[in-house]
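S.K.: Take a look at this one; I'll ask things after.
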Protein chains: 2
Amino acid sequence: MPLMPSWVASANSAETPFPLNNLPYGVFSVGDEEPRCGVAIGDMILDLASAQSAGLMAMEVEDVFEQPYWNDVMDLGPAFWAKLRARLTEALAEGSSDQAWLAAHLAPLSEVTLHMPFAVSEYTDFYAGRHHATNVGTMFRGADNALPPNWLHIPIGYNGRASSVVVSGTEIIRPNGQLKAPDADAPRFGPCRRLDIELELGAIVGGSTALGQPISVAEADAMIFGYVLLNDWSARDIQAWEYQPLGPFQAKAFATSISPWIVTAAALEPFRCDTPPREVPLLDYLQEPGPMLYDIDLSVTMQPDGAPTASTICRTNYREMYYSTAQQLAHHASSGCAMNVGDLLGSGTISGPDKDSRGSLLELSWGGKEPLTLDTGETRTFIEDGDTLVLHGAAKGDGYQIGFGTCEGRIAPAVAFPKA
Amino acid sequence: MPLMPSWVASANSAETPFPLNNLPYGVFSVGDEEPRCGVAIGDMILDLASAQSAGLMAMEVEDVFEQPYWNDVMDLGPAFWAKLRARLTEALAEGSSDQAWLAAHLAPLSEVTLHMPFAVSEYTDFYAGRHHATNVGTMFRGADNALPPNWLHIPIGYNGRASSVVVSGTEIIRPNGQLKAPDADAPRFGPCRRLDIELELGAIVGGSTALGQPISVAEADAMIFGYVLLNDWSARDIQAWEYQPLGPFQAKAFATSISPWIVTAAALEPFRCDTPPREVPLLDYLQEPGPMLYDIDLSVTMQPDGAPTASTICRTNYREMYYSTAQQLAHHASSGCAMNVGDLLGSGTISGPDKDSRGSLLELSWGGKEPLTLDTGETRTFIEDGDTLVLHGAAKGDGYQIGFGTCEGRIAPAVAFPKA
């Protein structure tokens, strides 16, 4: 599929993340106005609340775009999702008869504030990248026990904390927690010293399942509304001490950042690709009926406070994952767990096979033993106060790209606690 | 404190779970009417929605009791909680001038349907009972590694799945999942064969904290609105295969049952007691400023399909816990994790030191090796289809009790999956 031309001129460039082919969904506000739904096109945003008031779509439910989240649209189901995308594609296409009236509902992206694009119902994070699991397993449990025995059979996941999910740009406060040095008799309480990122894709569940009713991988695939970039900020020292036997808890609960645009599964359709060859056969309930990963280029930049430029510290691709989102969601519901509109599924850290394709500082600095050198000459093992970390992502088409925007966070110092 | 007499005669018995001293909060409906808030008194329920319409309390927010959850009341904060309790105590007390008009707003409990008493925001389950952790650890990791090194320092917890929390009486469908026999080369997928209970108390968070802002144990204690009985149904065979390295996931995601009455922290105030002596000192942020457990008798009964009677399989007490809810909540927020109204915190399985005080079948049957004999002569290791499990709980006062009602679930067979 080539670039689809739009009457919004800035959308017709090979460099824009938001051509007509993309149409990512966000929530925005201008000045003191209430946040509402919009769609990005080039360097503009279409105000869907006002456009709908002016007659964009015939709908029974009139006010879904006036909400500060996309959940109500998701609730309307896949047939409506397709109808909305078709209508927006028609209305914003070059030569559209809607241009005359619709232009008044556009605002420059540079003049709006972006908010969380949806209300997170529950948040689950997976561990589905084989390179990442092998690297981390080697560091935490030794090379002989790197990949747990269940890993090639189960898309391993754990429940995260929805209340900690924040939109790109939100300041990240360095967490406090229990830290125990290997040679110490007892833990102490204080600021995390091994603060890390995890480069992930977040999938947004757009449908619901009833408690007790599992779903197939195909049904799961059809329930995904769209994707965001996701940075599962991690406190490696807190994690190392707390995670046995019940998994990470406070090490992952202080913040998870997402990019502000929901890139729809529909926009990513031309970029579907297969999961890697299976080393051992999967059980029937995890078999994929077709290609369910996507070819999405990803990268991470790091910029210390005051540094003139950001340094790229990782380049990888979503197709490196061993399990797809559809497999993860099918597994999630396999015991009968009810899934809901707005559930967020983190892919797991997306590391590639090479040293510079690793999606966490834990891996990039090999547990802190091999510091990275940034473009400015500064070195880093883990994140320091004032550092800004940014995730970037785009699926690359023929003369266009499906961009995700950025997922950005700057680290603020830990708070003083316990209180004096 | 003695029994407080009420003009509702059935509330004045030493046997009723719901004397005037208790006043537990629930959500009920009669026939096809909408669910709304009520309070139990003896064998009756006071319809707070209609009583408020008739002028029970002067309030700015008029419709909090017309909701199918207590979250809006929680949102009003501790000063309002105290005001509400004081008003109800006054209005239902023997000799109250309100009796004449309020009696019309009572309905027999036997004629109402009880619903989930609150909307669960997020659900966290802890592992804070020392006897339970020691027993399970011995079975899963051997006696030498029974108690993990962090256990005496951290109230270990993991995030559960709020969407799986159901009210007492909801049928529990036996989950499917990946099962792997120790001598098998690969897992298979099928119905759980080691279905279990976990006898817990659930604490309901009635306040909120901002992301990045930890709280003290005293602040945490003041944020707890009330308690319910909680059965964290567990699939032990699914758990054994999936739980390393990131903790339990599908083994705990199919159902968690709670009792329908929120017993307020205020009602439990006379039953406060200390946590057990610390084997090692706790870090400052976990130090308790006073007694923060409660003396609550607990028991579990099991009744096979068609059996004439239920057999008591466990008797224990909440004071057996090593960590209090306040400590758990303070730890939960210690990294800066935002806590919200409606968050549910499972205490962890409440096992006592004796064989018949263990709060799970895993412990009672010692991993299935020592079957229980029920009163009917039937034996059980884990739960069979058609079995009904009921949790009971009450704090015993001087001539009265603060009862929790029951938390009940009957097991239905697994669904056929994957579909043919």
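Just so it is clear, glycine is given a Cβ too, placed from its N, Cα and C backbone atoms.
What TrEMBL records for B:HIS132 is active site, proton acceptor. Annotation source TrEMBL lists Ca(2+) binding site at B:ASP125, B:GLU198, B:GLU200, B:ASP232. Among the features that TrEMBL reports, substrate binding site is placed at B:TYR127, B:ARG141, B:GLN239, B:TYR243, B:THR349. The domain 'Fumarylacetoacetase N-terminal' feature in TrEMBL is assigned to B:21-117. Per TrEMBL, domain 'Fumarylacetoacetase-like C-terminal' is recorded for B:124-411.
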S.K.: How many helix, strand and coil residues does the domain 'Fumarylacetoacetase N-terminal' (B:21-117) contain under DSSP?
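M.R.: The composition, in the requested order, is 39 helix, 22 strand, 36 coil.
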S.K.: What subset of the binding-site residues B:ARG141, B:GLN239, B:THR349 lies within 10 angstroms of B:GLU198 (Ca(2+) binding site) at the C-alpha level?
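M.R.: Of everything listed, what lies within 10 Å of B:GLU198 (Ca(2+) binding site) (Cα to Cα) is B:THR349.
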S.K.: Taking chain A as the partner, extract the recorded positions from B:TYR127, B:HIS132, B:GLN239, B:TYR243 whose Cβ is under 8 Å from a partner Cβ; order them by sequence and answer 'none' if none remain.
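M.R.: Near chain A, the qualifying recorded positions are B:TYR127, B:TYR243.
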S.K.: Might you list, by sequence position, any residue in that chain lying six or more from B:HIS132 (active site, proton acceptor) with a Cβ less than 8 Å away from its Cβ?
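M.R.: Listed in sequence order: B:GLY348, B:THR349, B:ILE350, B:SER351, B:ARG358, B:GLY359, B:SER360, B:GLU363.
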S.K.: Over all shown protein chains, what is the count of other CB atoms within 10 A of the CB belonging to B:ASP232 (Ca(2+) binding site)?
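M.R.: Summing over all protein chains shown, B:ASP232 (Ca(2+) binding site) has 27 other Cβ atoms within 10 Å.
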S.K.: Of all the Cα pairs drawn from B:TYR127, B:ARG141, B:GLN239, B:TYR243, B:THR349, the residues the record ties to substrate, which distance is largest, in Å?
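M.R.: Max Cα-Cα spread across the substrate binders: 18 Å.
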S.K.: Taking each of the binding-site residues B:TYR127, B:TYR243 in turn and counting other Cβ atoms within 10 Å of its Cβ, which one has the fewest?
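M.R.: So among B:TYR127, B:TYR243, the binding-site residues given, the one with the fewest Cβ atoms within 10 Å is B:TYR243.
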S.K.: Round to a whole number and give the Cα-to-Cα distance in Å for the pair B:ASP232 (Ca(2+) binding site) and B:ARG141 (substrate binding site).
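M.R.: The separation of the Cα atoms works out to 22 Å.
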S.K.: Please report how many Å separate the Cα atom of B:TYR243 (substrate binding site) from that of B:GLU200 (Ca(2+) binding site), as a whole number.
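M.R.: So the alpha carbons of B:TYR243 (substrate binding site) and B:GLU200 (Ca(2+) binding site) sit roughly 20 Å from each other.
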S.K.: Mean pLDDT over the domain 'Fumarylacetoacetase N-terminal' (B:21-117): what is the value?
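M.R.: Averaging the confidence scores along the domain 'Fumarylacetoacetase N-terminal' (B:21-117) gives 96.
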S.K.: Count, for each of the binding-site residues B:GLU198, B:GLU200, the other C-beta atoms lying within 10 angstroms of its own C-beta, and report the residue with the smallest count.
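M.R.: Each of the binding-site residues B:GLU198, B:GLU200 was scored; lowest Cβ tally within 10 Å is B:GLU198.
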S.K.: I'd like the Cβ neighbour count for B:THR349 (substrate binding site), meaning other Cβ atoms within 10 Å of its Cβ, all protein chains included.
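M.R.: So the Cβ neighbour count for B:THR349 (substrate binding site) comes to 30.
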S.K.: Using a 10 Å cut-off, grab the number of neighbouring Cβ atoms around the Cβ of B:GLN239 (substrate binding site), all chains included.
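M.R.: Its Cβ has 21 other Cβ atoms within 10 Å.
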